[in-house]
Amino acid sequence: MGRKRMLRKNKTLIFKYFLNLINGALLVLGLLLMGFGAWLLLDRNNFFTALDENNHLIVYISRILIGTGSATVLLCLLGYLGIHNEIRWLLILYAVLLMWAFGVQVVLSALIFTKKEEVHQIWHDKIDSVISEYGSKDLPEDIPKWMILNALQKTLQCCGQKNYTDWMQNKSKENSEQVPCSCTNSTLRKWLCDETLNATYLEGCENKINTWYHTNALTLIGINFGLLASEVLQFSLTISFFRHIRNRIYAEK
């Protein structure tokens, strides 16, 4: 009898260990989502905010991220209480909410995939607008956009959207040969520079960004499926733990 009780106790500890391990990983994810959402909402100097003049899209995305992150954190806290104190009704609630989170994640992933071309078109149009008005003395309120575009071009060593010829549409140039100093290896701190072609980055930023995206696409897909698999595994473990507690209680009566 004592041996069976010891085996049940050990099984309970093993269940709790793995449940808390996966629960902790989900908690970290929730905090990261909240942090990223808050950064998008509060940081006025990121490129996404600069492109979205009215902030409608950014606010919408930020609220989704903060809401999803907050719900995940709350879910993990409920799960911890249910697991640690072996509260059966809380474990059932935890399992149901896990499946809800799974469904929401699948829907959001599908939404992001279907809206990809629309977002790309918005990005394309906004970049063209920023390039056209870059350096204008009549638009000092747009300086943060230009500074962020400078940082992007300098970091990725790219110029314009398709290539350096995109800057021919700029309205503030003194002559047709000028390009942003960030498009060159120049260290001058001004908007536009007269540099030779061999000192200018020829490749467009869109190509650089697309290359980065395609390089990391498989990694992002893998992480997403990993999260979905973790939620399914956690659901299965929670249900098994619930049954184990119920059977243990019946056996000890």
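A Cβ is built for glycine as well, from the same backbone N, Cα and C atoms used for every other residue.
According to TrEMBL, the protein carries these features:
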type	residues	note
DISULFID	Cys159-Cys181	disulfide bond
TRANSMEM	21-42	transmembrane segment
TRANSMEM	57-83	transmembrane segment
TRANSMEM	90-113	transmembrane segment
TRANSMEM	217-242	transmembrane segment
Could you tell me which of these disulfide-bonded residues, Cys159, Cys181, has the greatest number of Cβ atoms within 10 Å of its own Cβ? Cys159
List, by number or range, the same-chain residues at least 6 past the transmembrane segment (21-42) whose CB is under 8 A from its CB atoms? 48-49, 58-59, 61-66, 68-73, 75-76, 79-80, 83, 227, 230-231, 233-234, 237
